[in-house]
């Protein structure tokens with residue numbers, strides 16, 4: 001007898017129709033087979049008696065019974081189900097995705113085209129990947145000082161417009177890509193008020209992007225079909241890396257250079273890119289003997305870097321764009337730092353602050369105050385004033401009374417410290 005779930009309901013077999021009595025007389029296996037044919041969605045097991053929320057049968061008089069559920073092989077149950085069109089479509093797609101691919105045939109390498117030239121396989125998407133860090137840094141432009149310098153010197157050199165555009169573009173590319181490398185080597189955090197590229201793209205990708213643009217710039221120069229330009233390019237890139245190498249060496253070994261060593265380093269590193277642009281212009285200039293502007297541009301390179309060193313330690317604008325006194329955090333022997341250390345070599349406070357490469361603002365303020373006490377900022381201002389006046393006179397001599405020094409004088413005015 002089937003146990004009842006409710007004591008109020010009584011079971012009377014005589015009240016059931018013959019078909020129902022026949023169903024009750026069937027074995028469980030026969031019942032399963034019949035129910036599977038008539039109803040494909042039927043449960044694989046019989047429904048258990050109704051229970052309370054505690055799991056106890058609702059009938060107080062019900063006697064314990066054996067579990068109604070019985071194990072059913074999964075294959076038997078699933079074979080009874082017929083999937084809906086939507087389910088069939090979903091599973092069909094999944095099956096295609098999961099189907100194993102045939103193993104590749106190694107013999108294909110005997111005849112496949114393996115010439116992956118740039119024209120054949122290099123896409124804009126790939127180019128964007130490699131240029132990513134460079135494109136990021138140029139999206140936050142600086143003051144474009146080098147383009148202004150090229151324009152000022154072109155009054156004397158008179159370079160054809162087409163050549164001048166290429167030279168301006170090349171100098172800009174070299175400058176921006178060198179910043180990518182500088183920021184990695186100096187462990188900088190900010191560039192022009194934004195996070196440095198290597199903190200976004202990673203060190204390796206940033207270095208690769210910077211080096212890549214060096215050679216893209218070289219390809220640009222080839223468009224002018226002037227072998228002299230390639231020689232100038234390679235010479236000044238060598239100088240740039242020589243200067244950078246010495247600057248890094250002094251920081252890494254805590255070696256304070258002399259002012260003469262410092263000026264030589266700046267002439268190679270900072271002056272190198274300035275000189276590169278002017279030399280390229282002279283090689284493309286109209287006329288047989290262009291004005292020799294190299295001595296003046298060398299002097300402007302020194303002025304630019306010494307001023308940059310001064311502003312790094314004293315300017316609020318520099319603090320916003322690069323961080324407060326970033327040169328101290330980098331452990332850099334800048335022009336005011338060199339003067340301060342050599343003014344009193346027995347005082348080791350400043351050189352030990354450089355050794356710490358600290359980001360502590362209180363310590364950096366103390367270092368600045370110490371340099372003030374040694375007269376290093378006043379000395380730097382006086383040196384800048386002397387160099388700027390010397391550059392003005394040199395520009396007038398180059399001009400020879402033609403009245404074409406306005407652009408140079410304007411640049412020198414901007415570099416003067418009031």
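Cβ atoms here come from the backbone N, Cα and C positions, even for glycine.
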Listed range which Swiss-Prot flags as region 'Disordered', given the options 5-27, 28-50, 51-73: 51-73
Per Swiss-Prot, 191, 269, 270, 322, 332 bind dimethylallyl diphosphate; matching candidate in 219, 305, 349, 356: 305
Same isopentenyl diphosphate site per Swiss-Prot - residue from 131, 192 joining 143, 146, 175: 192
Spatial neighbours of residue 322 (dimethylallyl diphosphate binding site) that are distant in sequence (at least 6 apart) but have CB under 8 A: 188, 190, 191, 192, 312
DSSP three-state assignment for residue 191 (dimethylallyl diphosphate binding site): strand
Listed in sequence order, residues with CB under 8 A of residue 214 (site 'Important for determining product chain length') and six or more positions away: 174, 177, 237
Cα within 10 Å of residue 186 (Mg(2+) 1 binding site) - qualifying binding-site residues among 143, 146, 269, 270, 305: none
